[in-house]
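For 40-58, 70-91, 103-124, 136-157, 169-190, 202-223, 235-256, 268-291, 297-319, the entry in TrEMBL reads transmembrane segment.
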Amino acid sequence: MRLLERMRKEWFMVGIVLAIAGAKLKPSIGVNGGPLKPEITVSYIAVSTIFFNSGLSLKTEELTSALVHIKLHLFIQIFTLAFFPAAIWLFLQLLSVTPINEWLLKGLQTVGCMPPPVSSAVILTKAVGGNEAAAIFNSAFGSFLGIIITPLLLLVFLGSSSSVPFTSIFSQLFMTVVVPLIIGQIVRRYIKDWLERKKPPFGAISSSVLLMIIYTTFCDTFSNPNIDLDKFSLVLILFIIFSIQLSFMLLTFIFSTRSNSGFTPADTVAIIFCSTHKSLTLGIPMLKIVFAGHEHLSLISVPLLIYHPVQILLGSVLVPTIKSWMVSRQKGVKLTRPTV
């Protein structure tokens, strides 16, 4: 199962490259008013499909056992949805004086505002042997919180109320995100046994729809002759994203391993991944809604498109190191326990 998941993620990365290349070759197909009619098929049908799919696949009935770890959940959610975006905002005040493309910098801020993903943090936590129940809970709960908090954070830190009415944003979010998610959860209650038995390819469905959204987003970019992305800015953004990922992983590790933290080594593993990972599946549709019609939407989306594979790559590379640390710490705890 883990091998299939890894293969799916690798093909998804290839799909992103092909989607962007296809948009470059023939942008007229995916622009607003083009043959694909993205103003309908993407803005409403594709986004609703992703969140209905999320509602069907989220195993919220298995999360009750993790509810008791209030301190752990508060740490992850506050770090992800408060500290992360605020720290990025402060960092961007320094970067604003550099020649880096301003829309890529705004894209970095959108990364900070995103909720945790519903899959990668859980998969990596499980691979290490960490607190999987906590990872599942915080990924699912963070996704629900993100539906409300992420658009608010985007409006606070970036502001798009001047071009898109606040009420319009949230009415569309409600109809294309909240309603499909709730319907998916209701449907899941009635077909739960069938879903567990058949195991439909939820990941593949969401990835396919997401590729369509990415394709149409970049069609808008390449059809606009006024947009120019310099390679220097792109390379710097890639380096910055790697640095942010590593720095925040180290920061969460330091905070969660203090002697008075109250967290176990298994808890620390879940904290490291859940606090620093950001959702592409939820993020891209939200950006599409909040920045609908914005000529620089694709440039704003680029950092999130980069952040997604970086978090999986770094996480996968660090799995053996984190696992050996966790095992050694757990052995140390067992040895220090008094014998009766």
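Using N, Cα and C of the backbone, Cβ positions are placed for all residues, glycine too.
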Under a Cβ pair cut-off of under 8 Å, which of the recorded stretches 40-58, 136-157, 202-223, 235-256, 297-319 contacts the transmembrane segment (169-190) most often?
40-58
Given the transmembrane segment (40-58), its same-chain partners at Cβ distance under 8 Å and 6+ residues beyond its ends are 118, 140, 143, 172, 175-188, 195, 200, 202, 205-206, 209-210, 212-213, 216, 281-282, 285, 288-289, 292
Can you tell me which recorded stretch out of 202-223, 268-291, 297-319 has the most Cβ pairs within less than 8 Å of the transmembrane segment (70-91)?
268-291
